[in-house]
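Chemist: According to TrEMBL:
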| type | residues | note |
| --- | --- | --- |
| DOMAIN | 71-233 | domain 'Nephrocystin 3-like N-terminal' |
| DOMAIN | 263-330 | domain 'DUF7069' |
| DOMAIN | 341-429 | domain 'GPI inositol-deacylase winged helix' |
| REPEAT | 543-575 | repeat 'ANK' |
| REPEAT | 577-609 | repeat 'ANK' |
| REPEAT | 611-643 | repeat 'ANK' |
| REPEAT | 645-677 | repeat 'ANK' |
| REPEAT | 679-711 | repeat 'ANK' |
């Protein structure tokens, strides 16, 4: 058996190898920059999704994962399916395992050490709330791919020259760039690792899986060398999305949840390693050390996460005798949830702890320590910045640790839950009207609506300070960047107040906050001039002129009601697009707002000045099913076309794969064969080209013409589906 000293020695050797590899990568990246033109460097930097070259998010999300203990992860590394996958030139491999069983540790080890260095390795670690979108994943993958294979950046330049910074906002464009790069013979062997699919935004997961499947099929047809390694919890709703891949690529699944005995033996190694380390730190005798190891190894239902939490508990104090160990073992938390409960019960400031945890739960991105320092100290008395009773940053960081213990972690100055299970432990699936309990019972004690409500109030109260504190606005030429630099919580509040206010479902019981939000939404107010410059800066949109447009855009029901009661103009339009409140609400899927506006008599067929697009057109294009139904029930025109290319709501819904919307439109009599003016392409043509199998079935069942050809190349829907590797679409069409 490996001793603690041997394991430590091996880990130091491994770390040295990793450091060398990191240095080589940095040298390689410097060489890449020298080879690229200024325009290509600008494009490459764009995929970082950061302002500077340092602190690239995807990198430190991997680096914050613990290294494996020597001798662990062998259940996977020695598995026949993994060995077979390594030998293949292409194809997927799915690894599933229960929470806390070391999937991310495994993924990190594979990336840093175990995968062949002859391949280009690209990775992304999904993280709920912060790194959870397909857009972020694709940008990270492309940045790594182009950094290691600079010649491939040519596949991004055409789209970059067309769209500029907006390229990174379009997942469709990003998938296309990645697909083109993978078809280039210079790409060689590429391995993509996506960790924690269960933490990907639920609304995006299906699209992610569909595109991975499409890429793999296309790669196989083109004899490419692309491999995907994916990790997830063993949730049926996730694993089921791989059924088509399971049929096409046999033996792609390694279910770690079925390797419990092997994983348990590996957890024994971790326990022995941690006991050795604890013995050295606390000077335990060999007898006491051996007894502690024996007692811990007897316990069942252990996970890597449980071991981590338990050893922190043991560090605090136990009598250094065999009886003392027996007593400590008796009081150990039996599972992760008990450990979490015990951590949070230590603090005597339960209300502040709940406030901090609610903030972390609902945060649109992780808050920095200074931001959290401001946020938890805002209350009704906060009428000016200097009224907020804040500690020095280091003192506050210590207080936060004393409140939350291991339940939260601080990395690179940002605050996170220790693990996804910590978030799940807190989150309650209860009605939004339920109030936050003040009892010391933490499990499932905060609803997501309550958490958003906490942050909505904090953001609104903070922003309102800028409306009343004249000293903050003394200089009429103040720029948004200067505000952000000098006022810690402003950037967060400006960016996310709209989200939190909407998700909190603010109603009549929160009249004070609702009225403050009305003021914040008024383009004529002082505070609007501050937050709006920050919010709209990266959205490539101009600033609306009317409060009702702003409130409808964000979906703020309470604000819309107050404005309508005051007689706000239903047909007010923004300056740039000339879209009405109804168009903005329909476009963004705000069902309650659409209903309010329709009930007040908003114009169904209002069109924007640029392309003549109606509210129904926007709702169908963006897949807003509930809104489409509302508009159809009111008699919206099914065949309204944009001026630019004559495209109908059905045309766009089919192109974008919005199955439920397509069905609604067809059931209401939408024209099957509507064609765009430029190329004569039908809804079926686009659905087939883009691989939207369910939409293709719907259209064919309604009698859509399978032989319709576009004007540009005379290509049929079937030929495009085959060309793009959409096997399921081709099969359905032929049958």
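Cβ coordinates come from backbone N, Cα and C, glycine included.
Where the annotation comes from TrEMBL, it is an automatic prediction and has not been curated.
Tell me what's around each of these sites.
Modeler: When averaged over the domain 'DUF7069' (263-330), pLDDT in the model lands at 90.
If one looks beyond the repeat 'ANK' (543-575) by at least 6 residues along the same chain, the residues whose Cβ comes under 8 Å of a Cβ in the stretch are 498-499, 501-502, 505-508, 510, 514-515, 517-518, 521-523, 532-533, 536, 581-582, 584-585, 588-590, 592-593, 596-597, 600-603, 606.
For the repeat 'ANK' (577-609), the residues of the chain that approach it from at least six positions outside its boundaries are 502, 546, 548-549, 551-557, 560-561, 564, 570-571, 615-616, 618-619, 622, 624, 626-627, 630-631, 634-637, 640, judged by C-beta separation under 8 angstroms.
Sequence-distant contacts of the repeat 'ANK' (611-643) (same chain, at least 6 residues past either end, Cβ-Cβ under 8 Å): 580, 582-583, 585-591, 594-595, 598, 604-605, 649-650, 652-653, 656, 658, 660-661, 664-665, 668-671, 674.
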Chemist: Residues sitting near the repeat 'ANK' (645-677): Cβ under 8 Å, six or more positions beyond its termini, same chain?
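Modeler: Non-local partners: 207, 616-617, 619-625, 628-629, 632, 638-639, 683-684, 686-687, 690, 692, 694-695, 698-699, 702-705, 708.
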